């Protein structure tokens, strides 16, 4: 009969074997390393290079056609050999980012309990109030620089997925490392479980969270407060805490509540805003019309739309407009119609800046487009063929941003946008679309307005400079100038994803220059060569040596002197 102690010892031995033979270099361990670590004979005799290991995994991936199967396979590599995972990801980032992040990560979240292999990150429930610090103490890494946290209420465009939303913080932090070289051990994914209102999950035997409705009482706020305090108490005031996929009603108030107290930002508000603004500034170059001359109509007035609108206002003010003049350029249409004064459905405080006098008789989004005659339409779910065609009638180069995720939630496809405007539109989407060839032979490469262009580089700068509070101005104009004229001519509004590591480095350099110039940094002395400093600190995928540092003491004798 096995005793508890015997089972525990067996379990520990199994973990140590797995750690030595799989999680690190695998077959790349040298003969000397295998002997010193006590794993000689536990691996095949061949010593493999990382190049061969990469080739094996790439060949296996190419055999797979199902995106979810690829996701499971890649996450398995991450569990067994982290450096190899990031090498495979970075060498084919354009092909694999849609697998480890949107759109496939959304599918993985919906199936999280069904494809579960092993836990990643921390799970903190509403029942753990008063003990959050002790849960953080259970995390094996003591030097965490970046935390991505979700409560799973609004995962992409999929709604409330509860703890199944853990795939989002895990995916985001993968991009911290792959895109910006932030060390993976310094990253902590967290899901806050306060229940779910998803009836399907509450009946799912494989669901892994609390079987209860979402707690919307004061206990929820108390838990978030305790979490923020515990993170800073354990890891330091400059620990970056990124809020991800919280419901609209919580996203804005937490940003307002915590932004002056902690080093925090909300990617759905500020990251999405920055990447959308970058696309508009790139479109500005293509059209030759300054941003102050654009009129924008948003379909939707939630956290993403308001974040974009507020950052556009800041950009217009930088270009010389007053705040009121800039706000007059932006219109919003939500589920209750156009945001105008006197409508029966009240606007919330976050929307008040964009509530205008009624422009006339507007009963649909198409009516709004015809009446307001915007130069750009952004986000939403009602980009019908008629809307796209109308945009092309009064704009020589209409700007159409279909930013909803995942792909099946996009407002329109790239092919629809280009075809219905005879190739004249400037298009960007939240999820990736392939190149589009029109009947006349024109080929367009649609730009993906992916937040991954922004948040890894900003996070890298924040971590390296010791910023304690993140200003919206850090996100202003972070990306647009990196697009070349040749890429713009191809129909791109963003650089190729294959260049994203360099894009992130350049964003980090620019952000570091800004925060030091404004006295926002706390890491001193200030690096004079920020380019060299950042490039010297980014993490790489090369294997570490496990051989001890050995050397001789020249000229030293260990024999006693004789007279």
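Heads up, the Cβ atoms here are built off N, Cα and C, so glycines get one too.
The domain 'Malic enzyme N-terminal' feature in TrEMBL is assigned to 78-259.
Under the heading active site, proton donor, TrEMBL lists 101. Counting only residues at least six positions away in the same chain, the Cβ atoms of 171, 172, 174, 175, 452 sit under 8 Å from the Cβ of residue 101 (active site, proton donor).
Taken from TrEMBL, the feature (S)-malate binding site covers 154, 405, 450. Taking a C-beta cut-off of under 8 Å and a sequence gap of six or more, residue 450 ((S)-malate binding site) has these contacts in its own chain: 97, 102, 275, 430, 432, 494, 497.
Per TrEMBL, active site, proton acceptor is recorded for 172.
The divalent metal cation binding site annotation in TrEMBL covers 244, 245, 268. For residue 245 (divalent metal cation binding site), the Cβ neighbour count at a 10 Å cut-off comes to 27, with all displayed protein chains included.
Taken from TrEMBL, the feature domain 'Malic enzyme NAD-binding' applies to 269-516.
Ranking the recorded positions 154, 172 by the number of CB atoms within 10 A of their own CB puts 172 at the top. Each residue contributes its Cα atom, and for residue 154 ((S)-malate binding site) and residue 245 (divalent metal cation binding site) these two points are 5 Å apart. Model confidence over the domain 'Malic enzyme N-terminal' (78-259) is summarised by a mean pLDDT of 95.
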